[in-house]
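Structure below; questions to follow.
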């Protein structure tokens with residue numbers, strides 16, 4: 001990959017990721033720090049995009065506390081959160097309680113907690129390719145009380161307290177279609193707390209589901225995390241009782257909670273995605289919307305929970321409105337030059353779900369010929385022969401090989417990856433990142449060029465998170481663990497911070513995932529991808545059996561923009577993303593180019609180690625266990 005001029009020559013010479021938590025030679029026994037027990041500290045479990053080890057975040061309270069306070073008398077009641085995504089994500093919302101302030105530094109001790117998968121804190125991971133040792137079962141906790149069910153339909157509390165979520169002004173949800181760029185159909189989400197101009201042309205979920213885009217009849221929501229009461233409220237009143245199918249990957253108790261939460265909503269049905277390979281997740285985020293006027297697809301990066309639509313940076317592709325084909329049209333009718341229709345149908349068929357059969361037939365009856373993006377999906381399985389190129393990074397490689405051409409001075413073009421979670425890459429870069437994945441990301445046309453290039457990764461630093469709109473709790477959605485990070489210190493010299501002044505989102509931490517190839521002067525793109533896939537083998541797939549087989553663990557989905565589909569040689573990078581303009585020809589890259597490499601003092605955000613040296617924007621500290 002292209003080398004940035006000032007990349008660190010050695011991890012030893014920088015402070016990136018120097019942790020002295022454990023010197024254990026057993027990689028599975030790396031122990032995160034935990035604070036000493038303090039009955040006066042309420043716990044907060046951060047939002048996750050995976051099922052990690054037990055993590056409880058303690059905040060030191062500002063007020064003086066009596067050393068002999070009764071824990072039961074002064075405990076904070078934990079409202080029950082909706083069932084959504086992984087057990088870890090659910091537990092994050094269950095335990096986000098009253099805000100607490102920076103006062104002093106807790107003294108961490110070292111210990112390890114593991115609970116059963118039923119309790120929701122098994123180290124699973126969409127991002128770790130090696131299953132950890134099976135945890136020992138523990139007795140069921142007594143804190144799961146019937147009282148929690150009574151509050152199950154309430155909004156999950158914010159880590160900053162129940163008053164943190166502010167009601168947006170009425171004009172927040174007023175979207176002007178004339179200000180939207182319908183050339184690329186790539187949009188960011190609206191962010192609360194930034195200047196209004198940076199939301200002009202952005203979309204909130206209420207905008208997406210509004211009558212402005214069609215008269216809704218039915219919908220399907222594919223996602224990882226769900227807050228069902230909140231989701232239902234995002235539909236306008238006139239569409240709120242229209243049939244909805246939720247496609248999820250929940251099992252056992254978390255599935256039961258999800259179903260329980262939908263009981264007040266008889267219009268909601270479920271489709272459980274098959275996860276036949278251990279530690280895979282249903283990470284795809286997509287909406288299928290059927291209107292009286294036609295059909296639409298939204299492929300996005302946001303979970304169906306309020307926090308993901310509040311002060312985080314998210315992205316989406318919104319399809320055109322697809323009209324219905326004339327009766328009697330052949331099965332091949334309505335295909336786009338990018339083969340989007342057949343690829344979408346193949347992706348849906350991979351679920352092998354009777355609940356989706358009607359939707360597959362419905363899509364066949366619509367004209368998707370105006371689509372100008374390519375679909376990049378991942379579905380769990382082991383694939384050989386021609387099927388190897390259907391999913392994951394080999395699918396991306398195939399499209400880049402067939403539909404792009406080499407560019408002048410290609411060896412100087414940068415490959416940028418930007419994501420919100422990182423899986424295990426192996427003990428050195430040659431295990432996967434700089435081998436098969438690098439080969440994919442550096443493909444342009446069919447000519448194989450020399451190796452040895454490097455990429456830059458955009459991933460928030462600790463300081464990015466600390467000074468964000470949400471403060472430290474934003475890091476709960478950036479689940480790069482100490483266990484993984486300690487095994488791949490070599491990776492951290494690739495890291496660049498999150499800076500997004502161009503979109504007004506420097507302080508809105510990214511949950512969006514993007515990959516691109518950009519010119520040496522950062523003014524042109526050879527391609528651009530927005531996807532649910534983080535930097536992990538589970539998401540992208542890993543070659544096996546001497547490269548004759550690829551194994552994919554998770555469901556993922558994204559769209560690839562190639563200049564050839566727009567009758568262009570490259571995409572110009574838009575310099576003025578907001579306020580958006582329908583006449584703009586530049587591509588709206590969501591963060592600043594060129595990216596800024598970590599300074600010697602920066603370190604990547606690790607969500608399960610403490611940060612107590614400085615308070616965040618809300619006066620809190622972060623001490624997980």
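Here the Cβ of each residue, glycine as well, is placed from N, Cα and C on the backbone.
Sharing the record's features from TrEMBL:
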- 38-53: compositional bias 'Basic and acidic residues' (COMPBIAS)
- 60-77: compositional bias 'Basic and acidic residues' (COMPBIAS)
- 135-156: compositional bias 'Basic and acidic residues' (COMPBIAS)
- 283: active site, nucleophile (ACT_SITE)
- 511: active site, proton donor/acceptor (ACT_SITE)
- 536: site 'Interaction with DNA' (SITE)
Any idea what the Cα distance is from residue 283 (active site, nucleophile) over to residue 511 (active site, proton donor/acceptor), rounded to a whole Å?
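With the alpha carbons as reference points, the distance is 13 Å.
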Do you know offhand how many angstrom separate residue 536 (site 'Interaction with DNA') and residue 511 (active site, proton donor/acceptor) by C-alpha?
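Rounded to a whole number, the Cα-Cα distance is 15 Å.
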Taking every protein chain shown into account, which of the active-site residues 283, 511 has the largest tally of Cβ atoms within 10 Å of its Cβ?
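The residue with the most neighbouring Cβ atoms within 10 Å is 283.
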For residue 536 (site 'Interaction with DNA'), what is the tally of other C-beta atoms lying within 10 angstroms of its C-beta?
27
